[in-house]
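Visitor: First, the structure itself, so that you have it in front of you.
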Amino acid sequence: MNTPKEEFQDWPIVRIAAHLPDLIVYGHFSPERPFMDYFDGVLMFVDISGFTAMTEKFSSAMYMDRGAEQLVEILNYHISAIVEKVLIFGGDILKFAGDALLALWRVERKQLKNIITVVIKCSLEIHGLFETQEWEEGLDIRVKIGLAAGHISMLVFGDETHSHFLVIGQAVDDVRLAQNMAQMNDVILSPNCWQLCDRSMIEIESVPDQRAVKVNFLKPPPNFNFDEFFTKCTTFMHYYPSGEHKNLLRLACTLKPDPELEMSLQKYVMESILKQIDNKQLQGYLSELRPVTIVFVNLMFEDQDKAEEIGPAIQDAYMHITSVLKIFQGQINKVFMFDKGCSFLCVFGFPGEKVPDELTHALECAMDIFDFCSQVHKIQTVSIGVASGIVFCGIVGHTVRHEYTVIGQKVNLAARMMMYYPGIVTCDSVTYNGSNLPAYFFKELPKKVMKGVADSGPLYQYWGRTEKVMFGMACLICNRKEDYPLLGRNKEINYFMYTMKKFLISNSSQVLMYEGLPGYGKSQILMKIEYLAQGKNHRIIAISLNKISFHQTFYTIQMFMANVLGLDTCKHYKERQTNLRNKVMTLLDEKFYCLLNDIFHVQFPISREISRMSTLKKQKQLEILFMKILKLIVKEERIIFIIDEAQFVDSTSWRFMEKLIRTLPIFIIMSLCPFVNIPCAAARAVIKNRNTTYIVIGAVQPNDISNKICLDLNVSCISKELDSYLGEGSCGIPFYCEELLKNLEHHEVLVFQQTESEEKTNRTWNNLFKYSIKLTEKLNMVTLHSDKESEEVCHLTSGVRLKNLSPPTSLKEISLIQLDSMRLSHQMLVRCAAIIGLTFTTELLFEILPCWNMKMMIKTLATLVESNIFYCFRNGKELQKALKQNDPSFEVHYRSLSLKPSEGMDHGEEEQLRELENEVIECHRIRFCNPMMQKTAYELWLKDQRKAMHLKCARFLEEDAHRCDHCRGRDFIPYHHFTVNIRLNALDMDAIKKMAMSHGFKTEEKLILSNSEIPETSAFFPENRSPEEIREKILNFFDHVLTKMKTSDEDIIPLESCQCEEILEIVILPLAHHFLALGENDKALYYFLEIASAYLIFCDNYMAYMYLNEGQKLLKTLKKDKSWSQTFESATFYSLKGEVCFNMGQIVLAKKMLRKALKLLNRIFPYNLISLFLHIHVEKNRHFHYVNRQAQESPPPGKKRLAQLYRQTVCLSLLWRIYSYSYLFHCKYYAHLAVMMQMNTALETQNCFQIIKAYLDYSLYHHLAGYKGVWFKYEVMAMEHIFNLPLKGEGIEIVAYVAETLVFNKLIMGHLDLAIELGSRALQMWALLQNPNRHYQSLCRLSRCLLLNSRYPQLIQVLGRLWELSVTQEHIFSKAFFYFVCLDILLYSGFVYRTFEECLEFIHQYENNRILKFHSGLLLGLYSSVAIWYARLQEWDNFYKFSNRAKNLLPRRTMTLTYYDGISRYMEGQVLHLQKQIKEQSENAQASGEELLKNLENLVAQNTTGPVFCPRLYHLMAYVCILMGDGQKCGLFLNTALRLSETQGNILEKCWLNMNKESWYSTSELKEDQWLQTILSLPSWEKIVAGRVNIQDLQKNKFLMRANTVDNHF
């Protein structure tokens, strides 16, 4: 047979008909319900195996890219093939039931014989579809088919708005039984079908012990033509397409608009489907892997085969079921005859219908249905199974015939529970645990082996509210371990301590209320409070309520009084009765005892008076009694009443408590979720009471979340990536953190290893940044890690994409509830925002919102900000500041609020919304409050829609994907886009240049700077000029530049500071992820490299590392080709890796990466000495060639060549520094070659900036190596270049760069006076140029010079500016260096600018900061300075702690001032420790001293150390020598240090040297507590400024290094 081609008009009625069988579409039914019809036909039941397992595989998938859409594609690929076969053979698909379908061939009885043959042929062809195929998800799809024939009844039932139908009869039972007998790839005929078929045509085999038979194959007679046979059969099929419609699969495709028929058919289709019926992408739109609750209801009848008997019962049951579902927001998805009985598949949580307390609703609904249906006449047994979890909800089938259905293990489980546990309501463990209902509402059931269910877990019978309340069930419940600390809740506990103090010293009641959303840890706070509240004469009563408590009158007070009276521990009512009698005998007449019967479940005789009393009067009598009892107790004890989940306090209990706090002194502490509805008047009165303290609980702070993760994993340390993911994802909510952690453990992506010290770790690229977040030391000491050797660290398995991880079901469910409660327009905005990412701009959102105007978007955004879906921020700094700290807890003064006039409240709300709209307009950044909401909303998009949206975003962002106007709009990797063509938009570069010109920007190639000429002679610095004259000329030039910058009307300085960081965050980062989502890996790689380069510019090594790892994954996916663009990307990748390694001080790794990059850039660096000297010779000739102006004849390099040359200069600039670190003799030649290659490469670029940088590097290299003539020459050449520059734009920046670099060079060489002169000018330039990073560097270098030169007034002024920069720009380096200098002032200058405690607090607070942690120099200096402080105080335990931390950072060698400052401080600490060892006559003191002296000598000998550090190093060497008794060497080193200090102008060191020299050679001994006495008298800077302390007297506050005698010999 030929497969017909499908073509039809897509009217709405056709789309509705696609959800229904022909039996309904063409049926003519009476409007009365129930309605019965009878006919004959053949039934086919097809059961498809493998789909449930596939659903489970997708629902438990780690990543968001394996969603429902892929699943529905796979499902429908297979199911549509079956549907097509059925339709081709004339069948009518009656129902889809998950992964099964029921088809009907409706014909006259006399035609059954031939039609059965057709159906068998169809069945065999269906098997043929699946026989040899192994499907794409690795799942083997197979089918089982049962056939039956005979008399069939149809029942139509429903109400005015909804209709359902069932097929009933022996044939229906037979087809189900036949399918159950079938094995994979079998076709089973029911006994009746076998009787009615043409037996001569079928080869069968018998089924053991059954009358049914199995079909082997058809055996038609010779010359039998099946096509002709089938054509004859189609004449008996009333709705088989023929004639002009013969190419259609289904005649219903030809339906024309018919309002009456359409209205009739709509009743059979779910409302959520009808809402979307106009959406032509309906099939995918409603397809989700979604957490839902399944309620499977089975009704068994006394006589199932008689439709007229069971019809009315089904109608009655349906009417009640649908009314109850409407109340609880559930829907009937399917109704069908299931084995024995009629089954209703009800679902809670369909798309758009997710509500809170879904599980409770489902159970209550199930119980209601059970109770009602059990009473319906003709219904023999009611069985209900309830299961919760992720299932596939979506449209399954073929384009012309499909249905909305649910598939998944939980659907199967609910069905099996319903059949294996008849006559009761059962539920699974997920429903039991998630309902939060009391345990006594359930009873655990014995396990049964259920078909198709491997492991059901514990199953429960749901009783509902039929059991009596049991005492002792209301105690506080918390899963926290006893020794588990309460993290991050000090503020909340302080509120309690303060209120408790008020309660104890006053004679009035106090109420403390903690309000917080679920998951914030309210129960843990109460558990801690219960422990802290314990004391003499304190009576603590703690109870926990639940949803049911709210509906039980006086329940809270019942539990309270049961505890007060000691009844909660009584095991029998008689014991309770005796206790009660003893307690109330003096307070209550015996005839009133029976008042206590109902409330305390006792059995006192009922008196006549009480029997006549009204319920209200009984309640009042009880309250009077309870008040009397409490009045007696409070005289002897302080009552503290703790209530968890107080939102469930019933109104009667609220009234009693309100009266209680007015009458007696009692302390009530409650935790509660925000009230959904307005609370009762008594509750409001309690909240507004003058003695009520109402606290809204905030989130836990990031540091505490980090500690929680370590404690929960039982490790001492976690990776930064894991910490960031859990910290950001949890939003500081403990429950979210726990769920995310469980999700990671479930997917087995966490790896645990034994702790390894930093020194022993063999550093590779993959472990460069591991184990960065440690458990807070105090917690480490008091909790889980007593055995240091057994400490573990946790990191992630390689290749895990945390950004794409699908959220845990529990958190997804919370987000779906929020989404489904929104208006459709709000949902659409949230979903569009989710495509952009966690953070987005209003401009981009407006671009992708379909058909919205700006006013509408702003109004919707304001509403969503008010609803805590979004936060809004004015700029990136505001956002980053907010991300560092979660919203803390705060107190709400409801009493004050209630006293305000209520007039104009509505007006006030409108005004507030308008203000919010204005705020949104001003804000540049919007961010999801909860990352899980963004992920959940993102997953709701279809794949094609998602791609289209990502493409839209990418096109919009692409135009701005470059550096800011301040930085002249370049690439972060110079000339990157000229080398790699990654643009989506058709705009060519010429057009862009024209646009740039029209906006007043000069393109890069137009700048004068690009063509740099090498001056022919020293026009500016004639040879006869002295160094002093040259110095004067340089300083005057910088002064001239500064004057012009300050006074010129020209556009010399930028109007705003650098915005590159903003652009990186809101343009380039999202753009890379959009390309990644689009599968454009080459474009994504381009932007990941740009991002890594940008982060390196911003000194964020960790983030650069992370994005290079992202790039590495993409590099592996790209097809290997030899194109220059791909080679350049690889070279850039390795050069950036080299930069990261260099910045981290991993110089061996850096060298390897940089060499590899140079090789790819066609600039091979030699590996052996022969090649080395050959290269040196070649580079010398090249340099001679450039210097002699021969190179100027060649045209400027092209843009691609420039990109290559710029990369080479970066690599070579780092390489010469790396080789300079080495003590090996031949390495100086490698360093010389590298710096020469850098200079020649820079000259080839013909770019002034590159040439100047290279000259200054060449000068510094020779300066450090001691070649005076060479370094001076190239420094002068660099200066000659800047004299030629136009003083605007980049020219000004080059001048500032030269000034700053000269400051570094002069400082490191020890020319402090000149460094100060240059530094003050460089500082002013960078301040005017508004570049925070450069500004910071100039402040640091100048402050270091001023400190060494002891110019304290100027130093304090510079430190003030450094502090201002750190605060206004949120600049962590500035703050860290500020405190580093403050520690130096404390240790060496003799006064206090910031206290030691403040400096220490900064270290504790920021040592795990992402940027600071991976900047080894500053932390090394801070740790070492603190270690020195403790060594001077002889607090050796603290010394070891900080010294060891510093020691771990020593291997990270970087050629920075901070690193060498840090290492000199570290060595000083070790020298002080040596003094301790010698004093204590330690065995290894001699060896330690010798090793220390050797290390100090090596540091002095190393070129890169710089002469400025030599006075301190010689000073320390002198001290080591005097400690070891070598007076001669000590004198030599002292004199060298003094001479160098004098030459350099290092007054700080010179004074200290003289004082120590005098002390060492004097006969007087120093006091043991010398430093302690000194720090107690250290003056503050304020005292010095006020003139109360003479600045000259500060010298006496310097620490004197202790040495006993000069002739101390070992």
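Using N, Cα and C of the backbone, Cβ positions are placed for all residues, glycine too.
Grabbed the feature section from Swiss-Prot, which reads as follows:
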- 42-179: domain 'Guanylate cyclase 1' (DOMAIN)
- ASP47, ILE48, SER49, GLY50, PHE51, THR52, ASP99, LYS144, VAL406, ASN412, LEU413, ALA414, ALA415, ARG416: ATP binding site (BINDING)
- ASP47, ASP99: Mg(2+) 1 binding site (BINDING)
- ASP47, ILE48, ASP99: Mg(2+) 2 binding site (BINDING)
- LYS95, VAL167, ARG176, MET337: hydrogencarbonate binding site (BINDING)
- 293-418: domain 'Guanylate cyclase 2' (DOMAIN)
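Distances, neighbours, how buried they are, the whole picture for these features please.
Guide: Note: ASP47 (ATP binding site) has non-local neighbours ASP99, ALA100, VAL143, LYS144, ILE145, GLY146, GLN179, ALA182, i.e. same-chain residues 6+ apart with C-beta under 8 A of its own C-beta.
Its Cβ placed at the centre, ASP99 (ATP binding site) has 27 other Cβ atoms within 10 Å. According to DSSP, ASP99 (ATP binding site) sits in a coil region rather than a helix or strand.
Long-range Cβ neighbours of VAL167 (hydrogencarbonate binding site) (same chain, at least 6 residues apart, Cβ-Cβ under 8 Å): LEU43, LEU94, LEU102, LEU104, ILE152, SER153, MET154, LEU155, MET337.
Looking at the domain 'Guanylate cyclase 2' (293-418) alone, the prediction's average pLDDT is 91.
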Visitor: Could you tell me how many residues in the domain 'Guanylate cyclase 1' (42-179) are helical, how many are strand and how many are coil under DSSP?
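Guide: Helix (H, G, I), strand (E, B), coil: 62 helix, 45 strand, 31 coil.
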Visitor: Rounding to the nearest whole angstrom, report the longest C-alpha distance spanning ASP47, ILE48, SER49, GLY50, PHE51, THR52, ASP99, LYS144, VAL406, ASN412, LEU413, ALA414, ALA415, ARG416, listed for ATP.
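Guide: Site span for ATP, by Cα atoms: 22 Å.
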Visitor: Return only the integer: C-alpha distance in Å from ILE48 (Mg(2+) 2 binding site) to ARG176 (hydrogencarbonate binding site).
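Guide: Computed Cα spacing between ILE48 (Mg(2+) 2 binding site) and ARG176 (hydrogencarbonate binding site) is 14 Å.
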Visitor: Would you mind reading off the Cα separation of LYS95 (hydrogencarbonate binding site) from PHE51 (ATP binding site), to the nearest angstrom?
Guide: 17
Visitor: Roughly how many Å lie between the Cα atoms of ARG176 (hydrogencarbonate binding site) and PHE51 (ATP binding site), rounded to a whole value?
Guide: 19
Visitor: Tell me which residues of the chain lie with their Cβ under 8 angstroms from that of PHE51 (ATP binding site), as long as they are six or more apart in sequence?
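Guide: Listed in sequence order: LEU75, HIS78, GLY98, ASP99, ILE141, ILE407.
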Visitor: If you measure every Cα to Cα pair among LYS95, VAL167, ARG176, MET337, the residues listed for hydrogencarbonate, what is the largest value in Å?
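Guide: The hydrogencarbonate-binding residues span at most 13 Å between Cα atoms.
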Visitor: Write out the long-range same-chain contacts of SER49 (ATP binding site), meaning residues 6 or more apart in sequence whose Cβ is under 8 Å from its Cβ.
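Guide: Counting only residues 6 or more apart in sequence, the Cβ neighbours of SER49 (ATP binding site) under 8 Å are ASP99, ILE141, ARG142, VAL143, LYS144, MET184.
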Visitor: Please report the three-state DSSP label of ALA415 (ATP binding site).
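Guide: Once the DSSP labels are grouped into three classes, ALA415 (ATP binding site) ends up as helix.
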Visitor: Near LEU413 (ATP binding site), which residues of its own chain have a C-beta under 8 A away, given they sit six or more steps off in sequence?
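Guide: Counting only residues 6 or more apart in sequence, the Cβ neighbours of LEU413 (ATP binding site) under 8 Å are GLY385, ALA387, ASP428, VAL453, SER456.
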Visitor: Counting Cβ atoms within 10 Å across all protein chains shown, which of the binding-site residues ILE48, MET337, ALA415 comes out on top?
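Guide: For the binding-site residues ILE48, MET337, ALA415, the Cβ with the most other Cβ atoms within 10 Å is ALA415.
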